[in-house]
Amino acid sequence: MQSAEILVTTPAILMACIGVAWGILGGALPGISPSITMALLLPFTYTLEPTSALILLASSYVGAEYGGSIPAILIRTPGTNAAAATVIDGYEMNRQGKAGLALGISLYSGVIGSLFGLLMLVVLSEPLSRVALSFRPPSYFALGILGLSVIVTLSGGSLVKAMIAGIFGLMVATVGTDPVTGGNRFTFGTADLLGGIEPVLIMVGLFAVSELLVQATQKDTTIRVESTARIEFPGWKLARRLLPAQMIGNVVGTFEGVMPGAGGTVASFIAYNEAKRWSRHKDEFGKGSPEGIAAPETANNTVSATAIIPLLAFGIPGSNSTAVLLGGFLIHGITVGPMIFVKSADVVHGLYGGLFVASIAQLIIGIMMMAPCIWLVNRPRAYLNAFIFALIFSGVFSIHQSLFDLSLVLGAGVVGFFMRMLKIPFLPTVLGLVLGYLVESNYRRALVISGGDHSIFLTDPISLGLLVVAALFIAGSLGRTLLETMKSRRTALN
Amino acid sequence: MRGFFVIAGALAVGIAAFAPPATAQDYPKDTVTLVTHSSVGGGSDVFLRELSKYLGPALGANVIVENVTGGSGANAMARLASAPPDGSIFYATTPTFIYTSLLSNPEATYKDLEPLVNVFTDPEVIYTAEGSPYKTLQDVIDHAKTAQGTWGAANPASLERQLLERLKKAAGVNAAVVTHEGGGDMMINVLNGTLDIGVGEVQEVKSQLEAKQIRILATFSAEKLDTLPDVPTVKSLGYDIVARKFRGLAGPKGLPADVIAAWEKAIPAVLANPEYKAVYTAADLRPDFIPHAEYGPFIESFVAETEAFLKETGVIQ
């Protein structure tokens, strides 16, 4: 198989192991989400060849999903949002003196989740992208619109705030060379902006820098861990009992991974609830149930692979983490979307192989990383954050040796800080930024082809289909929001 | 890898800066740096790296390649403009540096550089999908006379678009010139029949040509191509348009005469090297040596032509 060949000929195995180790560290640090963990690596992937770069990024996503459960179990603080469901039973097991077993269950459920997710990724992505060659400019426009319509489900409260964030991203995407006439837009005469603003720089600023700024305003309240827990894997009997919970995690993780906007956190909680509903030991949930760890940890690791499906097949990043992964593709000039299986098949196969290695290597690296993780979590915040700042700026500077890039990252960090203060979500901005150019250029290109006739978007079958799906998607979310508001009003009245 | 070249380049410049001023006797320098704005593996980068292998012996110096990316050539131009004109550093010129100079307001423009010599011309060809009904360029133009023709160019502000706009004018048709984000994007639209034709460099379309997915209808080069002897030139079909996608070298302003003489001797020698000839012929690069005295006016006329085109299409005022 091609994947196997790529594994042998590139430093893929090494990259997968480094990625997992890095991911576990990042995931274990509270506040450092998987997307930040990946964003920190991003600048360093410029000099790698594309396959290694993507394996490194995707593996760190896998590692981060496991890493998040370490502080969840040990100090009752989830390292990542997706590990929040693990806190419930994980910390309870820790109190009962079974921390090692809890970590072992989390780790090996994670391996099962990643492997199942990878299987789904390999099986589903390519068939979904088969329609590639039939994508014309109006179809790409409609695809971009469908991607942007995800914004309505990302609002997490206020649709207006999500729209503000999305439009901000779209505005930033207009900087640079006009896609049709070639004229300059908002470049203020500087050549630095001629090629547009690189989404990568904005992502690093928004995700990582803003988090550090927020943390700088807070007191260091980290609880010191005094743990000597050694990872302990469950025996056969327990493993058999965990199997149904893991299956539930797999299925939920696959659905939530493919659905844009859902992501690992939602998957973890749904998997936890479903595992509880179907369990023979319902009463144990909340009191240190091993299934209560297995289900969410399987689910969030499944998501780390299946979230890549919409990215590869359609070029739509459904979560912050896959948006950063998209950045990794963009850096190497690989256009993600239906054509990727034709134009960069070797990179995709290499990525599959790397993810396979990462899923397995997780077992060993997970055990090895325990001690460094606990050490790191115990460092004073101030020193840790100073180090992360140094990492960000040296990484960004190494891309083009450009001071302009550094100021962009800092600027994006400040914008991100205020967005956090105002509770404006980031993902709409990132979506607007990466999809804005696609939507605009293909809209205008389609009109150049049709001679200005808008009916081209309805006569192109793919375009029509995607636009209808986007409309249904928006109508559905609005309907659900409306229903919820009505319900909450009624309860308020009662 | 890239980091290494950057460091190597920086060291080379450092050494050059401390060396005694150039005199007639000591050119060539120990080390000559060739700067490109393209990243490792990009068009100009491959051109320079191939060239540097054969240039070293011919020039009697170490030739190293430095990638100064970013700003569509603006950074590389700035780097050159501030370097000493002693023949230790040159820039790989392509139409990009003219476009960037005209489109934006970079720190240094083509005016701050002195064209040295030209080395190659890249042939630009017109192609269509294998399954399309167009067998000749005339078929395409006839179609555009009766219906809405759709012609593709890789980038909005590019030589390719300029060529199509000129062809439109020469043929008196009103086809829609559809611009893209690079050649790959456009290829898909040619293959699925959205576009009647596309324009691109031969190297770019080679894999589709070999897979028999596309047909080449005509070339914008002055003469027929060695690798595609059956393809007519656009000029021979009655439309007087010849593409000048040049690949040459430029240095900081005020190059001394001995430096120019050394390069005017070295470049024709390298181009005649049979080993190198085999490499560049296979890559469809046409040797097009233009000596220093003619290269300046050549670039000037290219600038005038491009500026007029950009103004006419409303890209710049």
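Including glycine, each Cβ sits where the backbone N, Cα and C put it.
No curator has checked TrEMBL annotations; they are predicted automatically.
Feature annotation from TrEMBL assigns transmembrane segment to A:12-32, A:101-124, A:145-173, A:193-214, A:323-342, A:354-377, A:384-404, A:424-443, A:464-483. Marked as domain 'DUF112' by TrEMBL: A:13-431.
Touching of the transmembrane segment (A:101-124) and the transmembrane segment (A:193-214) is ruled out by the presence of fewer than three CB pairs under 8 A, sequence neighbours closer than 6 excluded. Among the recorded stretches A:12-32, A:145-173, A:193-214, A:424-443, A:464-483, the one sharing the largest number of Cβ pairs closer than 8 Å with the transmembrane segment (A:354-377) is A:12-32. If you look at the transmembrane segment (A:464-483), the same-chain residues 6 or more away from its ends with a CB under 8 A from one of its CBs are 139, 142-143, 145-146, 149-150, 152-153, 159, 457-458.
Looking just at the domain 'DUF112' (A:13-431), the mean pLDDT is 85.
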